[in-house]
Amino acid sequence: MAKAICQHGPWSVLVSPCRHGESVSTIPTAGGKPYFYLYDTLHSKLGVKLPFTHFERAILQALNVAPTQLYPNSWAFVRAFELLCEDLGKAPSLGVFFWFFSLQKTDKVGWTSLSNRPKRKLFKPFLESYKSFKTWFFKVIPSDSRPNLLLDQLGRPFFPLAWMHQPVVSVTVRRKDLKDWEDVFIKELEELPLLPSADIIKGTGWYCSSHTHFNGYSTHALHDLKKRAAQLAEQENQPTAFAKPLAMDEPPQRQISDEGTSRTPTIIGSPVGSDDRPSKRQHLETPDTVGDNMEADRPFADFRWDTLLAGRPPSPSVWGPSSLLGQAVDKGLASSSHHKVKQLGIASTCSALQQYATYSLVLARAVEKEFGLLKSQNKSWAERAQRAEADILQLSIAFSEAEAKVDTFRSANATLQEDLERIVIQNKELSLVKFDMELARDTAYSEMDALRQKCKDLEVSNLNMGERLASLESLLKQAEADV
């Protein structure tokens, strides 16, 4: 047991069981060997071992309490804070600790409990309700052959050993009185989510992939969170990038050229490597020589609408159907300029408008064909979402039932635990009664043996008296005969 409550090293203590009726608030006698009480749950559940760290001693001294006066959940806060500081490469500080934790009022005199301050919550409690720990404690006595874990070289205790009747009831921390590194450390801790102290102490847990909350705790998860926060801060400090219009992201149109004399509008585009900002729409130049109306409309007759419907551009320089659509619109707008209208006349203009209507109908059918498939896919995904919602509802119902069963099991387990504690107490009392009865029986047997011996002595004495009486009677008879 002594090895179980001590850390690795040249430490040694003596562990003594407590007598029946002994309490953790028992005051040691003056002049006796120093000792203190310790709950079993501190080393078995919370990992708090001897010797206490400087921070743990400082906590006990600051609160003016013995180790057993501090509730186990409060010990869990102290232990989790130490481990968190170790993971972050910081020294545990009383100022930082009491910035996040305050003393909680309790009805029981002498007990001390810590809780998260409002709007400064750092850890979740180790257990929501810590029960059945007050009856499992033992006495710790320092060993003579090892370093003393209770007293310093001057004989002063490192922390209050006995139950203190006047513990500290309030601790106030002012931010301006803290050191600079403590203030920076508080800012780092305030950016963390609510951490589970149980997972920190046990060294288990995992971090949600969305980087929004903890479902547990691990050192890697903590480093990931810090890295994520640094990246977000760096992104916020970067200047806002220039947002180009959508038309500026369109690829350059295919340049149409002929070696001979061209009668079609020429599309002049910027080179691919140009540093100039492209205009929203390509500039159209019209040659000086203009032919008849039919030749002016040839680009629309030559435009390959089948490639637009199939989604394949006529040349690699045109990127996708969206650029084909832009090419068609650009050509249409070029022919509908004011100069062209005057040149074409009413009949040709109406013919061009009729062609535009035809092109719009073809485009509408292409859009209907394309987005009709998307509509069916959307319907399929909606059905899948409904099935997923139904599955989630069933899982929620099953989870609620399982949770109710777990609560029932916990309540039954707590009842059994209380019954077990009562049985253990009754067994201890029966053992004491049995010991007293055996002691009384041994005493009665010894008295019976003494009475038997006395009776034998009386019988021997009676026998001797009878012999002497017989001898006296014979002498008396002889004397009477002589007379």
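Sequential numbering from 1, following the chain as shown.
In case you wondered, yes, glycine gets a Cβ from its N, Cα and C as well.
Record features (TrEMBL):
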| type | residues | note |
| --- | --- | --- |
| COILED | 441-482 | coiled coil |
| COMPBIAS | 274-286 | compositional bias 'Basic and acidic residues' |
| DOMAIN | 46-104 | domain 'Transposase (putative) gypsy type' |
| REGION | 241-296 | region 'Disordered' |
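Same-chain residues lying 6+ beyond the ends of the coiled coil (441-482) with a Cβ under 8 Å from its Cβ atoms: none. Mean pLDDT across the coiled coil (441-482) comes to 91 in this model. Helix, strand and coil counts under DSSP for the domain 'Transposase (putative) gypsy type' (46-104) come to 37 helix, 6 strand, 16 coil.
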